[in-house]
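TrEMBL has this to say about the protein:
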REGION    53-72  region 'Disordered'
DOMAIN    78-232  domain 'Obg'
REGION    90-120  region 'Disordered'
COMPBIAS  110-120  compositional bias 'Gly residues'
DOMAIN    233-398  domain 'OBG-type G'
Amino acid sequence: MMASLSRARSARRLSADILSYHMLGTEVRRGGCSVAAAAAAWRRRVPGGVRGVSTSCPLSSKSRGHQKRELSEKELTRHFVDQRRVKLLAGSGGKGASSFHSEPRKEWGGPDGGNGGDGGSIVIKADKFVKSLAQVVPIYKGEDGEKGGNKNCYGKNGVQSYISVPLGTVVKEDGEMVVDLSEHGQEYLAVFGGAGGKGNRFFLSNENRAPMSATPGVTGQERVLQLELRTMAHAGLVGFPNAGKSSLLRAISNARPAVAAYPFTTLNPHVGIVNYRDHEQVAVADIPGIIRGAHLNRGLGISFLRHIERCPFLLYVLDLSTPEPWAQLRHLHYELDQYEPGLSRRPQAIIANKMDLPEAREKIEDLRSRVTQRVIPVSALTGQNTEELILHLRELYDGYLCGEEKPTRW
């Protein structure tokens with residue numbers, strides 16, 4: 001008797017504590033007040049206070065001062081992908097069914113096996129809202145068709161798959177161009193899905209009233225294609241390693257490539273967007289540094305020069321802290337022309353970088369006397385004279401749109 005009364009009192013006390021917890025949580029969520037204030041209010045309402053409640057820790061993570069983790073330089077870096085090698089496997093057709101219809105008072109209903117569904121094809125589609133091939137995966141597999149069923153039920157066809165690529169994507173196979181996707185919404189049927197198999201109903205004839213055979217589905221087409229962007233960016237920053245190309249791209253655009261005091265910091269091209277007041281946008285690519293003998297594929301020379309080939313106009317970035325910066329320009333012209341004749345004669349400008357250094361300011365006039373192109377002195381570190389560079393970049397862009405070799409000055 002006494003034991004049962006003790007258990008009843010402990011259960012009643014436990015249920016009161018649970019109710020107090022629930023009411024305390026409701027008060028905090030409804031009023032948005034702190035836990036300590038809510039607990040003090042409930043001590044006044046509930047005789048004996050609230051048991052087992054600690055007000056030293058918050059009830060939810062929202063009350064904590066959540067600090068957003070700082071992203072590292074590597075996480076901030078998103079390099080531009082302008083080529084992909086993809087393997088495409090279209091869906092296979094479903095196999096046909098072999099069955100015979102049978103029901104009461106109709107034992108010899110004949111064959112009723114349906115055909116299998118066709119496999120899904122894969123289509124490459126140009127999309128103006130896609131800017132890079134980074135989202136393209138190495139392997140694509142189409143959906144297989146479903147197999148046929150009895151009662152003349154046909155299998156479902158596989159759904160057609162789409163691969164979205166940027167405008168100007170060139171599709172190649174074994175090094176030869178197959179199609180150039182240059183318009184928004186343009187599609188190319190890359191691989192065909194396999195045809196579905198035939199059920200035994202298909203083979204019904206006057207000579208064969210009870211066919212037993214059914215065919216399997218055809219395997220989908222398989223191809224290996226290369227996707228390349230014909231135009232990577234409007235302008236390309238060309239120069240030797242440690243010339244300050246990445247720092248310059250940071251200064252004039254929203255890109256955040258890695259910057260360090262050692263050569264070959266950039267191993268993949270980065271593309272930044274320069275925004276103008278009339279809402280025009282110009283894409284500038286930070287090409288990895290070129291070394292002597294790049295046209296002979298020393299290092300990753302051919303890969304770097306291939307990126308430059310896709311830029312309509314070039315910005316040569318020279319390091320004016322070197323003894324002879326004009327020699328850098330001569331070597332750059334030689335490497336570009338050896339890779340593709342006439343590549344160095346595209347619309348261009350010379351960017352004299354590192355003007356914040358005293359030795360660089362002494363060589364600017366000497367550089368201008370040795371070259372015929374326009375020289376723009378800047379400092380990527382301090383942002384000095386980057387406005388002139390941005391304006392001249394727009395002049396080159398307008399000339400590119402109008403098809404003019406010499407753009408109109410703003």
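Every residue gets a Cβ built from N, Cα and C, even glycine.
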Positions whose Cβ lies under 8 angstroms from the compositional bias 'Gly residues' (110-120), at least six residues beyond its ends:
90-101, 142-161, 193-204, 209-211, 214, 216-218, 220
With DSSP helix as H/G/I and strand as E/B, how many residues of the region 'Disordered' (90-120) fall in helix, strand and coil?
0 helix, 4 strand, 27 coil
For the domain 'OBG-type G' (233-398), mean pLDDT (0 to 100):
77
